[in-house]
Amino acid sequence: MSADSEIRSIAGRPARPEARAAVAALLPLVPRLLFGLRLAASVCLALYVTYYLELPNPFWAATTAAIVCQPNLGASLQKGRFRALGTAIGALALVCLLALFPQQRIALLLCLALWCGLCGFAVVLLRNSAAYAAGLSGITAAILFADSISDPTSAFFLGITRVSEICIGILAAAAVLLITDPGTARLALASLMERIAQQLRTGFLDTLATEGETPDMQAARRNVVKTLTPLHIAIDAATGESGSLYARRGNFRIAIASLIDALVGWRNVSHHPFPDGSDAPSVQQALAAGISRINPAAAERYGSDADAVRDIIADIETLRPESAKDVLSARLLVDAAHKVAICLAQFMQAITLLRTGAGGRLPPQSQPLVIADSLPAWLAGARAFLSVVTVALFWVTSAWPTGPFAIAFAVISTLIFASFAEEARARAADYTIGVAVMSVLGSVIYFYVLPTLSTFPALMGLLFLLYVPLGMMQVGTWHSVLFLAMSIASLPLLGIGNPVAYDPAGYFNIALAILTGSAVGTLFFVILPPLGPERRARRLISLSARDLRRLLLDQDRHDERHWRALLSRRLESIPAQATLEQHGALLALLAIGHAVHRLRAAVTSGEGARALVTAFTALAEGEPSVALACLEIVERQTGTDTSSTASTALPADVQTEMAVLADAIRTNSALLAMLAPGRTPPSGQ
């Protein structure tokens, strides 16, 4: 047999199981390899541009490219914009501080510490890219302080140079990603929204088919609530990737608001007691048939025929009864189904927009500024302030020449991980270990490899060999922060300048400063640890109960939209370890607040209004039984009782809110008893 025939016979054989297994094992590494190549290319492009422009410290541009480069295009572009904004604000703040305190070093250090503390406070209060910009403001100020403290008169020009270098790094990372990444954030968001809509639809249909609240229903609602934070992150990434989606960000905000309303309606139906002999079963069957016709998996088909979904919603609305054995129960069911149908329709329109580009632009709603819990923000601010003061005190007393760089990296380690709650300490520890490993690896590169390189292509080859493996590990699941730290610390350690200079003593001083600053930042995560999951959950419920008490006593002048935004933010902030009862408590408080707002706006005069005020006051004092008795008086006075013949009956939707409030009081008596001043949440809540 000839060699050619042997080759053909081998090529024609089916692949061996070992080969198939090897290919299957290597396929997941392909996206990680691509990210490593993008990371290395971004770093090298930033270095090339800064070398071409003859900027003094090109490693800051390359380090920025390494930080900004993200696994998906949208997140990288969005983070790059906010990094530029945060960098400009931080540089301006440091220049102003140097101008105010040119000779008062102690005052300058204290003000720098206060600024970093303020940035740490903002990192926790804000979300996503805005929090990132706040952290970068503090980090940039600390880096400029380290560079300019020896010559404060050059701070302004140094600030311009540093901002220019950072912007070059941002643009380099964006250019590489735009060329090599097709942009999948919009499709990922569409898949996430489809999954959320399916979970909502399935859970609500199960509720309609089941009598009474069950742990499975609570778990289903909790699973939907847990998607709120990933949903916001995915929306940021998708809108950062596309200008047309950014212009239509109002569509996504409206969809999220409709999801909160649907969750409240779902919760209200689950907790409502349907009396025997009522018309509820027949209404439930009809509503289930209507909701079943809305299929989020076929969003594009419905997007081309929007009238079909509108007809389904109209059919659901026609089921609202004017007379029945239990009118309130039927209306409550229809209201909840209507909210769920509206939410599904909004999500399907958004999915169609993401996948096909079809869809109009809805005006973005203004978002009220709400604070879920200020204590974690105060802790983050104190942590950043104390880390700066501690390192500065050691620097001043020891006259350590690289002390300012230790301050900068202490700020980096405290601000980067400030918003990671109970994960922050472990991430900061991994970050410090990564810096230590890079210090050792960097010494080998600095003393044995860099001196042998004489051309720029050779330097690029070295950086590719370094950053491709780091990038692959950075997007993995095993201690990814450790490799992120190595990516960030490598170029400042190597000190690749224009031209490259070798200073053995300087290398060890810089390495020691970076390692010391990172270790001090980690130490303060131990001294001032973030709140634990149980304490955070209890605080969120306590704060919500306090705000509800102020609302009941008419001390809170905010509108219903603010209440929804506040409780929605707390639902997002509740830790993953929270119990079903704790999730249910926040949803109950959200529903009660909605009912209070609407009843107060509807019942404004007469005996009914006075009885309603008395009911709210009793509820605020932790006396739910008294509040229920007063609500019965309101029903008689306003004619909301179905047996009443009064001519002052409230609108049907207000009658439903009255039933929601009464149901919530009956099913959450232990929770509402804590509204009285000085009481704490019951066990498990």
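All positions are counted from 1 along the displayed chain.
Glycine is no exception: its Cβ is also placed from the backbone N, Cα and C atoms.
So that you can see what the record holds, here are the features copied from TrEMBL:
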TRANSMEM  21-53  transmembrane segment
TRANSMEM  84-101  transmembrane segment
TRANSMEM  107-126  transmembrane segment
TRANSMEM  155-179  transmembrane segment
TRANSMEM  375-396  transmembrane segment
TRANSMEM  402-421  transmembrane segment
TRANSMEM  428-449  transmembrane segment
TRANSMEM  480-501  transmembrane segment
TRANSMEM  507-528  transmembrane segment
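Comparison of 84-101, 107-126, 402-421, 428-449 by number of C-beta pairs under 8 angstroms to the transmembrane segment (375-396) places 107-126 first.
Below 8 A, the CB atoms of the transmembrane segment (107-126) and the transmembrane segment (428-449) form no more than two pairs separated by six or more positions in the chain, fewer than 3 in all. Cβ atoms under 8 Å from those of the transmembrane segment (402-421) belong to residues 112, 116, 119-120, 123-124, 131, 135, 138-139, 142-143, 145-147, 149, 376, 380, 383-384, 387-388, 390-392, 394-396, 427-428, 431-432, 435, 488, 509-510, 512-514, 516-518, 520-522, 524-525, 530-531, 533, 536, 575 of the same chain, restricted to positions at least 6 beyond its ends. Beyond the transmembrane segment (507-528), the same-chain residues lying 6 or more positions past its ends with a Cβ under 8 Å from any Cβ of the stretch are 379, 382-383, 386-387, 390-391, 400-403, 405-414, 417, 424-425, 428-429, 431-432, 435-436, 439, 442-443, 446-447, 485, 489, 492-493, 495.
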